[in-house]
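Copied from TrEMBL, the annotated features are:
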type     : residues                           : note
SIGNAL   : 1-26                               : signal peptide
BINDING  : N114, R115, H214, S215, Y216, D286 : beta-D-galactose binding site
ACT_SITE : H214                               : active site, proton donor
ACT_SITE : E352                               : active site, proton acceptor
Amino acid sequence: MRGVLALTGAMVAGSALAVSALPAGAAPGGQAPSITKEPFGTLPDGTKVDRYTLTSGQGVRVRILTYGGIVQMLESPDQHGRSTNVVLGFATLKDYVDKNGGPYFGALIGRYANRIAQGRFTLDGKTYQLAVNNGPNSLHGGLKGFNTKVWKARPVKTDGGVGLRLAYTSADGEENYPGTLTTTVTYTLTRGNELRVGYHATTDKATVVNLTNHSYFNLAGEGTGDTYGHRMQINASRYTPVDDTLIPTGRLAPVKGTPFDFTRPHAIGERIRANDPQLLIGHGYDHNFVIDQDRPGRLTKAARVTEPGSGRVLEVSTTEPGIQFYSGNFLDGSLIGTSGRAYRQGDGFALETQHYPDSPNHPSFPSTVLRPGQTFDSTTVYAFSTVSTQSRPSGLAWRLAR
Ligand code: BGC
């Protein structure tokens, strides 16, 4: 087994001295948090791509590529302490380059996550035309979004965990967006098994920005089949219905009485084939939910997902006002994932924290405009834990924790 350099604990930033050798596949449990780096491949233009492995010391291990800031693997223990990879992805850099343009597995998305209608918006009287790459619309930053960039990476000090700071500067006019956008994204893995993602951006001209991470989860394990049995709860009493090209109509519609009501937990598959015009448009769930925030910008619980078989639980909190619940509808079996199995419809779901889609064309939505002198700051936390799903000695069936 190949050894990799391990920087342990809180001393990671700038110090190359206190290193120890850890086997590449070392079991993560019960150790100090650590971060290691290894080569992952070379792009056709000769650029080298690295993979960082962050270990919480408490069972969670996450692997992040400098290419696209992609979360390539995320291992998390089940209720018996058995770890498995719970995110969809690919095994090789070549697959990410050749095949990730459709699904965006694990990737950082920018400059504008989700859709902009007709790829067009007007800001301060000037109209910008973006590349149209999804039907008539622009999706996820255009032809070469942040998911295709090689980010500068450095380990950073954090309180009680390990961090990786990624930096990318998007030139004025890149993908036709105005302004030089200086962006950093910091992934932190805490001892509490939380993956925190901090987004920060500034600009030198007025622009629009909407950043997210596009991980697909399967808490039973990547490649084990569909996620329709996962129980989903979303802290949203409204969502943004869409037209037939998945652009919001502008209405914030109540979820009450519809298959979009996840205010109490429901299996993803329970109502996914209901005869609901919105589900028909999306081929399932592919909608932005309006998070019930007490105060805009405050870290708020957005979603909680439980997988009954393994007992794994994922909780997503965010400072963002919206979350796109995408139930993996367009996975069609043509992509072979990390462990060599084909991904079919519903085999993973994404929970993309974000501002609402097409906000630049909806003045009533929370603004995505960023001006010189302002900073875009946003935090999303993915917390991994377990619940016991075993029958109790009393014979009581397992019930969800709430
Ligand atoms: C979109 C889907 C799209 C998926 C992969 C999601 O954010 O809402 O419509 O298929 O990303 O590109």
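Keep in mind that glycine also has a Cβ here, set from the backbone N, Cα and C atoms.
TrEMBL: automatically predicted annotations, no manual curation.
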TODO: From the binding-site residues listed here (R115, Y216, D286), select those whose CB sits under 6 A from an atom of ligand 1.
DONE: D286
Task: Where Y216 (beta-D-galactose binding site) falls in three-state DSSP terms - done: strand
Task: Most crowded position, judged by CB atoms within 10 A, among D286, E352 as recorded positions - done: E352
- [ ] In whole Å, note down how far the CA of the residue listed as 'active site, proton acceptor' lies from the CA of Y216 (beta-D-galactose binding site).
- [x] 9
Task: Those binding-site residues of N114, R115, H214, S215 having Cα within 10 angstroms of the residue listed as 'active site, proton acceptor' - done: N114, H214, S215
- [ ] Tally every other Cβ atom lying within 10 Å of the Cβ atom of N114 (beta-D-galactose binding site).
- [x] 27
Task: Mapped DSSP class for N114 (beta-D-galactose binding site), helix or strand or coil - done: coil
TODO: State, in Å as a whole number, the widest CA to CA span among the beta-D-galactose-binding residues N114, R115, H214, S215, Y216, D286 given in the record.
DONE: 18
Task: Set of same-chain residues at least 6 away whose C-beta sits under 8 angstroms from S215 (beta-D-galactose binding site) - done: V71, L74, V87, L88, F105, G106, A350, Y382
Open item on the list: If I restrict to non-local contacts, at least six residues apart, and a C-beta distance under 8 angstroms, what lies near R115 (beta-D-galactose binding site) in its own chain?
Closed with: N134, N137, S138, L139, T245, L246, I247, P357, D358
Open item on the list: Under a three-state reading of DSSP, tell me whether D286 (beta-D-galactose binding site) is helix, strand or coil.
Closed with: strand
- [ ] Could you check the binding-site residues H214, Y216 and say which one's CB has the fewest neighbouring CB atoms inside 10 Å?
- [x] H214
